Amino acid sequence: MEMEEGASGVGEKIKIGVCVMEKKVFSAPMGEILDRLQSFGEFEILHFGDKVILEDPIESWPICDCLIAFHSSGYPLEKAQAYAALRKPFLVNELDPQYLLHDRRKVYEHLEMYGIPVPRYACVNRKVPNQDLHYFVEEEDFVEVHGERFWKPFVEKPVNGDDHSIMIYYPSSAGGGMKELFRKIGNRSSEFHPDVRRVRREGSYIYEEFMATGGTDVKVYTVGPEYAHAEARKSPVVDGVVMRNTDGKEVRYPVLLTPAEKQMAREVCIAFRQAVCGFDLLRSEGCSYVCDVNGWSFVKNSYKYYDDAACVLRKMCLDAKAPHLSSTLPPTLPWKVNEPVQSNEGLTRQGSGIIGTFGQSEELRCVIAVVRHGDRTPKQKVKLKVTEEKLLNLMLKYNGGKPRAETKLKSAVQLQDLLDATRMLVPRTRPGRESDSDAEDLEHAEKLRQVKAVLEEGGHFSGIYRKVQLKPLKWVKIPKSDGDGEEERPVEALMVLKYGGVLTHAGRKQAEELGRYFRNNMYPGEGTGLLRLHSTYRHDLKIYSSDEGRVQMSAAAFAKGLLDLEGQLTPILVSLVSKDSSMLDGLDNASIEMEAAKARLNEIVTSGTKMIDDDQVSSEDFPWMTDGAGLPPNAHELLRELVKLTKNVTEQVRLLAMDEDENLTEPYDIIPPYDQAKALGKTNIDSDRIASGLPCGSEGFLLMFARWIKLARDLYNERKDRFDITQIPDVYDSCKYDLLHNSHLDLKGLDELFKVAQLLADGVIPNEYGINPQQKLKIGSKIARRLMGKILIDLRNTREEALSVAELKESQEQVLSLSASQREDRNSQPKLFINSDELRRPGTGDKDEDDDKETKYRLDPKYANVKTPERHVRTRLYFTSESHIHSLMNVLRYCNLDESLLGEESLICQNALERLCKTKELDYMSYIVLRLFENTEVSLEDPKRFRIELTFSRGADLSPLRNNDDEAETLLREHTLPIMGPERLQEVGSCLSLETMEKMVRPFAMPAEDFPPASTPVGFSGYFSKSAAVLERLVNLFHNYKNSSSNGRS
């Protein structure tokens, strides 16, 4: 027999038939691997060619011992099956199961049959296009298949595996729209369609749950069941722009699979009987899922992979056709015999630090930033009692007919219903021209008109910034319709309409610019270090946002600048930003203390005197220690001036509103098309509106007047001669907005009003969070308690991971030594895959690491093109509102005043305390940054091993507007203020240890044990568990031909 002759070493070589379309055969990866196989000298490669495959009968096809055959466009799979049945070669990839790969339904069914995790999904099968199916329901924000509901965002895939037109539909709360994913065309792999809301109906589709993966996809490539190579790439979901290197190739980076993922790779390979097989992996919330199986796939541009694949395929073919031959690899791989040995030098450490450094030994380990949202429109609220039948019926329609239940209207359908009802109730007269003598009726009609104007604003609806509450107040008993007894019916309800507070075009630009600044200045690597870290999974990034739309969009715009993304914000928001309302929203925990502070503040402002306790320290040395610090001494006089100037501006806007043509909003039945830019915040200045003398954005003069008249009325009640100082921040907010965005309206006295409002707001706003340091600390700790606890968890986890790396290095050296000695005694190739059960032993740091509930993956450091391969940087970004910024800052600056910490020095130096006292406002995009550095030169037990650097920025800078120069003119033209750079909160050269930081703020932070428990997926033993990490390195870095791999190209 031929193979017996081959076994003696003098017969024919093992013939490997390549029955593949020429386009695939002559691809670079296939050529690299086949050339390596042939260089072993044991194989003869037979290329069938397109003519033979397509035209010749199978009987005349070359006879081979091993067959490489896989389906591609135009490939006659049936012929290949007939040939295999006739000649019975060893099949590298089985042919029969390749039919499964053409139907995504069968792929998912097969994966589930083998217990391989897949996303939650459901199938919609149509026999003809546009067929109505009783089990399929579509609503505005979800689809339902056989009773199973999929909320947006969800994914829609054609069941045809060769159709790559995949859609992702986004919820209305994020602006709606659809993103289409497709095979790469040039530099694009997806496109966003903001107007598409309804799903496709022309065929059969799979609907599956969208999984947030941090904007990165993982591609896994198996070569037999015991080898898997994984790469990361930027997900097309984010912005659809393909990242390419200088050679024009898509940028991909090797990553290490977890033990569970390695087992999944093995099972995919076995389940589909495809030795060479590529599949897509989704990593989401600590779990991994297979979402697509592609069949025959090779890695591109990885010489390490080409080496591995050739070695594994060689062993497979020898085991199948010559099992008595040794499959031990030669000491030097044949294709590396003539290559020079390359040096491993050049991986040097890079020092980092804004405030001083420990030299070349210091490494940045963690960046934590708490950021306020960007520039927004003024927040508005309209309250009115309604008795109109149409509005009461509307309330009953959406609260289930319950007479005492309130209802919230947010969706487009609900708001359209309200608009229709309101249009029929609003008098057709213009503001300021009413003849009605009843003041209450006049005010009611004015508020109804305001509600109508708000609902018509922009010509669309978006729950992200407009919502209405209807709460019943009075009821009467009426006979039931069937005459059987009585029932309650509401006759009066309170309507509360909240609107405004939308991120402006300027706010979006500010956030994106700040993200770009962080990328270039907060991380080592000359501006590109962060992007390399992120792409290689060595940048552990999480972005959190409160529930408010302006905060979410600020986070998305910041991420766009930070990661150098392109495209619309909605896909970035859904892919990268996690909402955490309990941590970043709300003031409920401190509402009692804040009311007390406001009452005391009102007393100080309206009485005209400052109240300083006798036992307080000298206000000259520590001015921030006095009650009401920062309030102007003549606050009472300024308050009356504020009222007068506010009335003056309001009257000017009233005259503009009187001249506004109401016909702009008619005819009522025509609604302009949906505009995502307006729903989520304008992306650009509407130059035409401004040129025609209209207010910036979509606000008309009627709404502008409503904004100012409400401020004037609420600020001062003439009948009771009573001031409401809580309106001062709102007056300042409105004034600042119009000064920046509506300067072209030339409102007389606006500049003067702004100066007075700023003086008062600079004193009032900080004191609303506590009238003195002790109260500021108490209120701050209640508002920011959960956020402070999360920050401590972030810092602690980073420290534990860094310490594990240091300990791991010693283990690696021992493993290297052991591996080398054991390799000398081996007579056969060791497994390239280690059973996952061996990798699931828990590590010592698991419990601590699980507290954070965050997924952690490891980079294959050997192939990372970075200066310091061991560097792993954790970034946590928390986007929130002004209240949380003030609260966190107050905890940091006053924590040493707590009784439990008496005698401790402040975390913030005296110089910084003085600057903070003068920094009255933490404006839009203000931020606090904590950076954690590790000094690897000191011992692991030394407190100086980890130091914290604290910086802050007061955000948008108004000062340039005071100058009548070119810069001021440009800022006014662009409506965008610059963001102040970071300022130090510690002395240069000082060292705030992590240990000290934890001790000082722990009393004001939520304990780690109070956070929800983390769920660890089966087989995932933590980020740096020692046993798993060491074996993981062994699998990926130390093959039995390691002694020659240093010659390889990478």
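The backbone N, Cα and C atoms fix where each Cβ goes, glycine too.
Computed from a predicted structure; not experimentally measured.
Per Swiss-Prot, these features apply:
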type     : residues                                                      : note
BINDING  : K23, K24, R183, K184, K219, R233, S297, F298, V299, K300      : substrate binding site
BINDING  : R104, K157, H164, R183, 208-211, 217-219, S235, D280, 292-294 : ATP binding site
REGION   : 355-429                                                       : region 'Polyphosphoinositide-binding domain'
REGION   : 817-855                                                       : region 'Disordered'
MOD_RES  : S821                                                          : phosphoserine
COMPBIAS : 837-846                                                       : compositional bias 'Basic and acidic residues'
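Where Swiss-Prot records a feature, it is marked here on the structure.
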residue	record	contacts (Cβ under 8 Å, 6+ apart)
K23	substrate binding site	S72
R104	ATP binding site	K157, P158, V159, N160, G161, I206, D292
H164	ATP binding site	L181, F182, R183
E208	ATP binding site	P119, R120, Y121, A122, F150, F154, V155, K157, C291
F210	ATP binding site	K152, P153, F154, V155, I168, V574
D217	ATP binding site	A232, R233, K234, S235, P236, D280, L281, L282
V293	ATP binding site	L101, V107, L111, V268, F272, C277, G278, F279, D280
S297	substrate binding site	Y221, V276, C277, G278
V299	substrate binding site	P29, Y221, H229, E231, Y305, Y306, A309
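Taking each of the binding-site residues R183, K219 in turn and counting other Cβ atoms within 10 Å of its Cβ gives the largest count for K219. Counted over all residue pairs in K23, K24, R183, K184, K219, R233, S297, F298, V299, K300, the record's binders of substrate, the longest Cα to Cα distance measures 24 angstrom. Residues of the region 'Polyphosphoinositide-binding domain' (355-429) grouped by DSSP class, helix first, strand second and coil last, total 24 helix, 23 strand, 28 coil.
Of all Cβ atoms in the shown protein chains, 14 besides its own fall within 10 Å of the Cβ of D280 (ATP binding site). When secondary structure is read from DSSP and collapsed to three states, K23 (substrate binding site) falls in the helix class.
DSSP assigns R104 (ATP binding site) to a helical segment in the three-state reduction. Annotation note: F210 (ATP binding site) sits in a coil segment as assigned by DSSP.
When secondary structure is read from DSSP and collapsed to three states, S297 (substrate binding site) falls in the coil class. Annotation note: H164 (ATP binding site) sits in a coil segment as assigned by DSSP. The average pLDDT for the region 'Polyphosphoinositide-binding domain' (355-429) in the predicted structure is 86.
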